[in-house]
């Protein structure tokens, strides 16, 4: 709303989320690790000048570089620190008062031949108040001294980063007798003098001393926890040190979740080409629409003046050509992609860090479950995992995953483990659905494959171009795509075994089971052979698709995490269809799936299994160990849910149309959330309306869902045009698509070369 520099906001404003998490106004703060801090400050010299409060900040800062540092330096003296591995020097210089000594030191850097520090952090006032018993003469002298120092600091600010730390408030009730003269009223007077004098003579924006005033806001909330009423508690000074690190390092390291102080990334060559393409599509669509509208008006029915009868022309409705439909889709897509770019690449809208509380996750979950139950309708068919039921399943799972992401619930391990089951369940449906289709239909044609691949990948390919992100960044789509191709390859290779063929002889069923065993063996081998897996996906052109940050480890991790669940989905489909074929299950409306006795036993086992898994997931202590067990045990809760949902006939006969509606656009919802609901590539939250969190979520959610629905419609329309049923036309389109990706690769290579 206000515009301005996010660095300025980071240094001057913000609020606490909970007790310890600081949220700067309008931007996100990155939590720097030791290795990142070292990489940023390599060959740098940092100087802290001031009193004991600045010394506290100095120690918190160097602990970001080396956490093993102990606060053992001389209290009223200089303290050096050096990290030889990264050639980092950080010095604390004891100058508790703004006086001639401090001026002389600063002058030696500003006007002398001494090497200038890269970062200078200065601040002092409480000693002046204490020594002179809070007299007005001391304040007047402080103003004179800071006036003499200000031009030197501004001169240093041309080539170095200079920060003046305003004085934090004190907790007057806890101050010792020797410090009682240090009052908040006096501190405010000293701060006001510093702010008024600093930068008053500077006209050059580059020669400005940055005023570090955010520490005051942090202290106001936490000074009550101070040990002596003067010095900040450790958590608060650590926050100040992290803010300093963000101010200096974000523009160098460019962390995804550190939007403060980061300039807007320049447009890449591919983004510029995409912008031109969408602009031409918009103008092209407008021109064709105007031409068609004019033609339609000319052919519009007119009244015969003599007879008074209405004459109907041959053409009564405007004829929508394939070209017009294509341009219409690209026109809408161009406008939507502009919104994507403005939300998550331009510095137009605010972004904030996530903060998890149990209420922020569980209250929305209860709310959507109540809504889902309210919209209960009868299903058209009562088969196990019928279309309405699978859409409903995808829908509620996707809504839960969205709430999980926006609430930052990944920090709470029991919730994380249950969400992992939901992701696995989506992949289970991939195995179940595609196996069922190929087994029943026996359709292994190119048209079917191209349709599925187009619908899965269209949005992600567009986002890779517009948002300048690698394909593997949207990890779920590559995962589903690869598993679809594995299912296709397993069933399509010789001998092709489908239901029609298997009905003639039971041996074909054993042949299919043999294929599934071979698939399981390959999965098992690759899961315990990381080197082989990485070699396969490191070959060009696969490496272009599956590399992230220069390697395929992320892809290996994502694939391994749910490696068996697609196989489980295929096996379940095979067993279910075999039972259905031999009429061993009852799928009539209101009928239990098996006999009453068997149904009750299976239902009891399913409920116990479901709860047992939940208890195990809730007792998880270590994410790594639980992730190791997850691929083998996630199927327990998935199968338990399927049986609970389908064994009772009355439960199988109804579904939630609310959840099913979201299920039809679940893939678009999952991908779109990266940039227009969340922010900074899912690391933060998009803020369209600052200051009103609930209203902001309502507005951004409404836009997000509408956009996802619209993209689903665009994808379906384009799939009919780009992937026609006619084989010869389809071959031509595939050649065009191959040409498109060749051009994309060429421009990508040019782009990488220019970056290097």
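Cβ coordinates are placed from backbone N, Cα and C, and glycine is handled just like the others.
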Transmembrane segment range according to TrEMBL, out of 269-291, 292-314: 269-291
Matching range for TrEMBL feature annotation, transmembrane segment, among 435-451, 452-468, 537-553: 452-468
Correct range for transmembrane segment (source TrEMBL, candidates 325-343, 629-647): 325-343
For the transmembrane segment (355-375), sequence-distant contacts whose Cβ falls under 8 Å of one of its Cβ atoms, 6 or more beyond its ends: 17-18, 21, 23, 392, 395-396, 399-400, 403-404, 407-409, 411-412, 415, 656-659
Same-chain residues at least 6 beyond the ends of the transmembrane segment (269-291) whose Cβ lies under 8 Å from its Cβ atoms: 321, 323-324, 327-328, 330-331, 333-335, 337-338, 465-466, 468, 744, 747-748, 750-751, 754
Average pLDDT across the domain 'NXPE C-terminal' (22-72), rounded to a whole number: 94
Contact call for the transmembrane segment (659-679) against the transmembrane segment (325-343), three or more Cβ pairs under 8 Å: yes
Stretch with greatest number of CB pairs under 8 Å, the transmembrane segment (685-709) reference, 325-343, 452-468, 506-526, 600-617, 730-750 candidates: 325-343
The domain 'NXPE C-terminal' (22-72) - residue tally per DSSP class, helix then strand then coil: 22 helix, 9 strand, 20 coil
